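Noted in TrEMBL for the protein shown:
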DOMAIN    49-258  domain 'Calcineurin-like phosphoesterase'
BINDING   55, 88, 91, 257  Fe cation 1 binding site
BINDING   88, 126, 220, 255  Fe cation 2 binding site
């Protein structure tokens, strides 16, 4: 008897989801190991597409809901595989616990489009460290909301691309030496020197071993930026040399509440900021001493990424879903 194609497709997706869940469970079982996740490709052509958004969690305010609406529309159009969050997930001071209503009010009840009911691979931002960090990392949240995937630093293998998520907040000196009136939750980070050493060693080792066609590093803080915060010097000194030595293609971040694209003049790295998930319009821009500023938008929006084995396409959208900037490249990074 012939099988209904729709039933077969549903069964295939259920198997993929089960496999993905098993990988997550195993990765979470030993917190001392560098977390490695798998995201199987589901498209027959071997392509991958996803959205990137950061600095968003404001209970729908500051146009967060409008950005979410357009993300849903573009996500459906591109048939995205997942979403990447570049941190500062809950303002102003992260979550107080796993049961903080801000989780539902800023995430579950905002990103409701069908196309956004995919895995959200998430890093922590400096505002998240002002709350209960363990709450965002908790398996309780993952049970409440299966699409929420948040670790401090982790690796995601999506076959044609590997993503290296790194926890950048502990690198920034001023949060330790001059926190002003802010309190940060450094549980799991201290002693800091050991934490940073291990984070860099794990990243360098994973990048060196990677054979992925595309290498993508994701962190909250900027490395290169023309926005309010500018370059993060600690990352320029400690992280950037590792990225350059291991042929990283893209560094994706938030922190500056804007959208921007900077091309390195000394390597193939493209610096992509997607920090316009809610509050923006700071009204300032700084000059870059080096590198090539291809695009800067001091407003709200998000970014899409489409990858094929030899081609990449990056698109930035504003709060109305209008295209602001497009950049395409082949694997040899000759701009098309």
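Including glycine, each Cβ sits where the backbone N, Cα and C put it.
Note that the coordinates shown come from a computational prediction; the quantities given were computed from them, not determined experimentally.
Distribution of TrEMBL features across the structure.
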| residue | record | Cβ neighbours (10 Å) |
| --- | --- | --- |
| 55 | Fe cation 1 binding site | 30 |
| 88 | Fe cation 1 binding site | 30 |
| 91 | Fe cation 1 binding site | 23 |
| 126 | Fe cation 2 binding site | 21 |
| 220 | Fe cation 2 binding site | 29 |
| 255 | Fe cation 2 binding site | 27 |
| 257 | Fe cation 1 binding site | 25 |
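Sitting within 8 Å of the Cβ centre of 55, 88, 91, 257, and not among those site residues for Fe cation 1, are the Cβ atoms of 54, 56, 57, 58, 125, 127, 254, 255, 275, 277, 278, 279.
Across the domain 'Calcineurin-like phosphoesterase' (49-258), the model assigns an average pLDDT of 97. Compute the center of the Cβ atoms of 88, 126, 220, 255, which mark the site for Fe cation 2; besides them, the chain residues with Cβ within 8 Å of that center are 54, 55, 86, 87, 124, 125, 127, 128, 168, 169, 221, 254, 275. Checked against residue 55 (Fe cation 1 binding site), the binding-site residues 126, 220, 255 differ in C-alpha distance, with 255 being the nearest. Each residue contributes its Cα atom, and for residue 91 (Fe cation 1 binding site) and residue 255 (Fe cation 2 binding site) those atoms are 12 Å apart.
For residue 126 (Fe cation 2 binding site) paired with residue 88 (Fe cation 1 binding site), the C-alpha to C-alpha distance reads 6 Å. Between the alpha carbons (Cα) of residue 255 (Fe cation 2 binding site) and residue 88 (Fe cation 1 binding site) lies a span of roughly 7 Å.
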